[in-house]
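According to TrEMBL:
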DOMAIN    C:70-273  domain 'ABC transmembrane type-1'
TRANSMEM  C:25-46  transmembrane segment
TRANSMEM  C:66-93  transmembrane segment
TRANSMEM  C:105-126  transmembrane segment
TRANSMEM  C:146-166  transmembrane segment
TRANSMEM  C:207-232  transmembrane segment
TRANSMEM  C:252-272  transmembrane segment
Amino acid sequence: MSRRTSPVIPGFGLTLGYTLVYLSLLVLIPLGAMFVHAAQLTWEQFWTIISSPRVLAALKLSFGTAFLAAVINGVIGTLLAWVLVRYTFPGRKIIEAMIDLPFALPTAVAGIALTALYAPNGLIGQFATSLGFKIAYTPLGITLALTFVTLPFVVRTIQPVLADIPREVEEAAACLGAKPLQVARHVLLPALLPAWLTGFALAFARGVGEYGSVIFIAGNMPMKTEILPLLIMVQLDQYNYAGATAIGVLMLVVSFILLLLINLLQRRISHS
Amino acid sequence: MSIRRFALATLASTLIAGPVAAQTLLNVSYDPTRELYSEFNAAFNKHWQAQGNEAVTIQQSHGGSGKQARAVIDGLRADVVTLALAGDIDELYKLGKLIPQNWQERLPDASTPYTSTIVFLVRKGNPKGIKDWDDLVKPGVAVITPNPKTSGGARWNLLAAWAFAQQKYGSEAQAKEFVAKLYKNVPVLDTGARGSSITFVNNGIGDVLLAWENEAFLALKEEGGDNFEIVAPSLSILAEPPVSVVDANVDRKGTRKVAEAYLNYLYSDEGQRLAAKHFYRPRNQAIAKDFSEQFSDLRLVTIDADFGGWKTAQPKFFDDGGIFDQIYQAR
Amino acid sequence: MSSATLTASAVNNAARRGSALGRRLLVISAWLVFLLFLVLPLFVVLTEALKQGVGVFFTSIFEPDAISALKLTLLAVGIAVPLNLLFGVAAAWCVSKYEFRGKSILVTLIDLPFSVSPVIAGLIYVLLFGAQGFFGPWLREHDIQIIFALPGIVLATLFVTVPFVARELIPLMQEQGTQEEEAARLLGANGWQMFWHVTLPNIKWGLIYGVVLCTARAMGEFGAVSVVSGHIRGYTNTLPLHVEILYNEYNHVAAFSVASLLLLLALLILLLKQWSESRINHLKARAGEE
């Protein structure tokens with residue numbers, strides 16, 4: 001830890017020290033404790049736990065629905081960001097302010113509200129039932145809940161980048177005879193992609209771990225609609241601390257690798 | 001900033017209010033007993049004060065039975081536990097060494113002041129014509145029951161179905177097949193008994209809810225009798241939710257006397273009446289007779305006579321790799 | 001409007017008309033998404049809460065258990081947010097004002113709690129402070145209760161809200177650079193004077209913004225707190241946990257009433273956020289003009 005650029009400004013030691021101590025006490029040591037706990041398992045035991053069909057099913061479900069939700073948000077989030085940045089229209093300010101609602105709303109409230117909405121006797125659920133499909137208590141319901149919860153992250157990362165792309169570039173391209181799709185493909189996409197990926201990564205990471213909004217709507221069926229965080233809870237409630245920590249470690253490692261990959265991808269894109 | 005000032009005020013008030021209450025008693029219980037204990041606590045307090053004691057603040061915590069036992073093992077300072085099945089209280093001895101091994105011998109009726117059983121709650125008019133357990137495995141019948149891994153009630157449910165199938169079809173293999181078929185008809189598997197009731201009653205999922213008898217009655221009462229009715233199967237299980245003082249905690253807090261009085265009061269006439277009022281079957285036969293109208297006469301198997309007690313049933317059916325896992329993962 | 005845009009619009013009138021249609025479609029679909037996706041859940045919360053009239057609504061909110069849950073929530077927020085505010089300023093300071101090896105790792109670590117599942121956040125404190133945990137026996141010996149009591153709830157809340165203030169401040173402070181501070185130092189200000197009179201005014205709105213986000217998340221945390229709460233009615237239930245409990249008690253209306261109280265708090269937070277954001281933009285715009 002050296003190479004301070006600005007020797008005039010005081011407080012490097014103090015602030016860095018405080019930051020490190022605080023992070024260590026609150027985050028790193030407790031997380032480390034989980035790894036230590038999991039390390040009491042042999043590699044074989046660990047493998048048996050995380051490769052059991054129920055864990056694999058939950059893994060697929062959690063990462064699958066979070067991925068899908070992030071993709072959906074990639075589309076509607078971009079739409080919202082685009083409209084908010086580019087157009088003035090009646091009610092723009094309201095939408096702008098309310099985009100962050102899923103972030104500010106406690107997840108348990110979101111959970112019971114979405115369940116009331118999508119359950120077979122709910123406002124939208126009734127409609128779906130009459131069309132012959134179910135939303136609540138299926139992976140679709142989980143995906144919807146995750147989409148709701150993670151929407152602000154995508155919109156808020158795309159918005160500033162979109163605002164920074166000068167309109168003139170697109171219009172110049174249009175003047176030169178480019179069709180709208182070509183403009184989108186050659187002008188907007190490259191500029192937006194890094195932000196899009198960041199938003200995607202944020203939404204995805206949050207979605208994988210989300211608990212409060214999902215448990216109400218999921219139905220919690222082992223092998224079918226049981227998400228990984230719930231499985232950790234279930235293991236814990238069966239006095240299976242080893243199982244809970246093993247799944248916790250698995251979750252952390254997989255999310256970490258995925259985020260790392262997305263970071264690398266992002267770096268490569270912004271370099272080229 | 002006003003929030004912070006308010007928080008400081010709150011902090012101050014909790015600090016001041018803290019030492020005033022003489023004694024607090026924490027009862028860690030399972031899901032369907034909320035209504036029973038909120039009334040029982042008030043009655044006990046009156047009785048306790050009438051005996052010349054100071055008022056006691058009784059705190060309640062409710063959740064899935066296994067979850068609650070785990071919290072106590074992890075350090076939730078319960079003075080008494082009133083859980084769904086003996087197996088969960090056994091863990092307090094096994095994992096936490098919080099109670100002696102013979103805890104169940106300390107109070108009458110194997111420390112079970114009231115019992116219950118498993119019945120069916122169906123929608124008004126019983127549109128699917130559900131009369132008995134074998135109606136539950138028919139195609140197109142959606143059965144709501146919680147997850148036996150986390151819910152005590154669900155374990156009783158599964159065992160009742162098993163007992164029925166074993167008596168009807170004879171072999172264990174057929175019982176297993178029957179139960180597997182039953183769980184194929186389960187569209188939502190909540191973590192606790194109350195979660196399942198909410199799914200069935202409020203969210204309108206399923207044709208039949210396998211429920212604690214008291215839970216089914218409560219649903220009728222809360223939601224009005226217009227939407228649901230109770231069906232008693234030909235055979236069910238005697239569900240025995242036990243209670244215990246948590247020795248390690250009461251000795252530390254000096255609350256043993258009040259905790260023991262609290263549990264004993266469950267066996268008093270008043271306690272038994274309250275249990276019956278909240279649709280638990282009282283152990284006291286005289287009081288049970290007064291309430292005989294509300295409890296239908298069922299043929300009941302018991303955990304000890306028919307399954308060899310929880311010590312045998314828990315690992316065989318519900319531990320990892322047990323029968324529940326086998327039937328659930330085979331689908 | 002610049003001259004380039006003027007020419008562009010003049011030349012491309014036909015394309016404009018096409019894009020006006022596209023624009024209308026986009027705005028309408030944004031409105032649809034907004035209404036169906038964001039407004040409808042709010043509507044459900046409020047209608048369910050008011051199903052049995054305003055009287056029941058207010059009884060549910062002013063019921064003693066709800067009040068004590070509200071107090072506990074505010075208390076946890078009142079402890080967690082100032083601590084994370086202090087941390088956020090310190091972290092942003094060392095990250096944005098200095099260059100050092102391992103800085104990007106530090107930034108990643110600050111962000112880490114964001115991508116850790118709340119359930120894991122609760123689990124790790126149980127593993128540390130639970131009766132079966134690393135410090136369990138010691139804590140029991142000294143009669144200190146951490147989980148299933150206020151300290152555990154605060155810890156869980158702290159964990160999930162660690163990144164928010166720092167995340168807001170770091171880009172802001174990086175953008176502002178170090179020149180003003182250096183000037184203040186050269187003019188003889190000591191460290192604290194420099195911070196109070198130069199840095200703080202510059203980051204004030206970003207700070208408020210971060211605090212608002214932090215408060216929102218702290219107030220609503222469910223998973224992590226649920227693991228360490230113990231769910232003792234009137235004592236260790238926060239508002240979101242109280243909502244769950246009411247929901248599980250057939251007390252549908254009360255659950256949604258308390259939920260709508262949380263919703264109102266959330267809307268209040270959004271207003272605060274909008275306000276601090278507009279201040280930031282205002283300051284930026286002014287800085288741009290200068």
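Glycine too: its Cβ is placed from the backbone N, Cα and C atoms.
Automatic prediction, not curation, is the source of TrEMBL annotations.
If one looks beyond the transmembrane segment (C:146-166) by at least 6 residues along the same chain, the residues whose Cβ comes under 8 Å of a Cβ in the stretch are 72, 75-77, 79-81, 83-85, 87-89, 91-92, 95, 110-114, 116, 118, 121-122, 125-126, 129-130, 139, 207, 210-211, 213-214, 217-218, 221, 224-225, 227-230, 232, 236, 238. Within its own chain, the transmembrane segment (C:105-126) has Cβ neighbours under 8 Å at 91, 94-95, 133, 146-147, 152, 155-156, 159-163, 166-167, 170, 221-228, counting only residues six or more beyond its boundaries.
Fewer than three CB pairs closer than 8 A are found between the transmembrane segment (C:25-46) and the transmembrane segment (C:207-232), and contact between the two stretches is not assigned (pairs 6 or more residues apart). Same-chain residues lying 6 or more positions outside the transmembrane segment (C:66-93) and placing a CB less than 8 Å from one of its CB atoms are 60, 106, 110, 150, 153-154, 157-158, 161-162, 164-170, 172-173, 203, 207, 210-211, 214-215, 218-219, 225, 234-242, 254, 258, 261.
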